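Listed features, source TrEMBL:
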DOMAIN    162-284  domain 'Fatty acid hydroxylase'
TRANSMEM  12-35  transmembrane segment
TRANSMEM  61-86  transmembrane segment
TRANSMEM  116-138  transmembrane segment
TRANSMEM  153-173  transmembrane segment
C-alpha cells in the first residue's frame with residue numbers, strides 16, 4: 001500500500017509540475033506578445049497625445065475638461081443612443097430578444113423616458129461638471145495629471161484595479177446608506193421608480209445621490225493615485241459604460257452580465273454593490289443566489305438568450 005501511495009504521489013507531482021511549467025510558459029508567451037504589441041502601439045499613442053497636448057498649447061483646464069468630461073459623456077450617450085433606439089422602437093430584434101424582464105419596457109414609457117433623459121443631462125451638466133473644478137486643482141497639485149509622458153500599460157492596469165476596488169467600497173456603503181427608510185423616501189426612491197431599468201437610468205438620480213453615490217466613488221480613485229488625464233478619461237468612460245450595461249435591461253452576448261443589478265431594481269433589498277464581493281461578505285445576495293437570475297449571471301458566449309436556455313420556472317396555479 002505504501003508503494004502504491006508513493007507511486008501515486010510521484011505521478012501527481014509529475015503531472016502538476018508539467019502543468020505548472022506549461023502554464024508558466026504560456027503566461028510568459030502571452031505576456032511577451034501583449035507587451036510587444038503595447039510597446040509598438042505605445043509609441044503611436046504617445047505621439048498622438050503630444051500632438052493633442054500641443055494643439056491646445058498645454059492649456060491644462062481645456063485638456064482636463066476634454067478628458068474628464070467630454071470623452072466620457074460622448075461614450076455614455078453614444079452607447080445609450082444605440083440602446084434607446086431598441087427601447088423606443090423595439091428594433092433591432094437582435095438586441096430586444098435579450099431583454100431580461102420579459103414584457104417590461106416593450107415599448108418604453110415615453111413620458112418616463114423623457115424625464116430620465118432630462119434628469120441625466122441635468123446631473124451631468126449641473127452636478128458632475130461643477131465637481132470637476134475642485135478635482136482639477138487637486139490633480140494639478142498632484143503634479144502628474146498633465147505630464148507629456150503617458151503612463152505605461154502595466155501602471156494603468158494597476159490603477160484600474162485600485163479604481164475598481166475604491167469604487168466598490170464607496171458605492172456599496174453609500175448605496176446601502178440611501179436605502180435607509182428616511183433617505184430612501186426622500187432621495188433614493190427616485191432612482192427606483194424604474195423597477196425594470198434602461199441604460200440612461202444609470203445616472204437618473206436625486207442630486208444628493210448623484211454626488212455621493214454615483215460620482216464621488218468614481219472620482220476618488222484618480223485623485224488618490226494622482227492619475228494622468230488619459231487614464232482618467234479611460235476610467236470615467238469605462239465606468240459610465242459599465243454602469244449603463246448593468247442598468248440596460250438586456251443581457252447581451254460577450255458583454256458583462258447585468259443580471260446582478262437588474263435584480264436589485266426588481267427586489268430593492270439585494271445586490272447593492274458593483275462587483276458583488278461586499279454583497280457576498282455581508283450576505284446581501286443570499287436571495288439572489290437562489291434564483292434563476294443567479295444562474296444567468298455570467299458572460300453570454302453564444303447567441304441564444306439566457307432567458308431561453310435558463311428560463312424562469314413557471315408559476316404554480318393558485
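Keep in mind that glycine also has a Cβ here, set from the backbone N, Cα and C atoms.
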Quick test of the contact rule: Cβ under 8 Å, at least six residues beyond the ends. What residues does that give for the transmembrane segment (61-86)? 52-53, 92, 95-96, 113, 124, 128-129, 132, 135-136, 139, 145-146, 198-200, 203, 229-230, 232-233, 236-237, 239-241, 244, 248, 250
In the domain 'Fatty acid hydroxylase' (162-284), how many residues does DSSP assign to helix, to strand and to coil? 86 helix, 1 strand, 36 coil
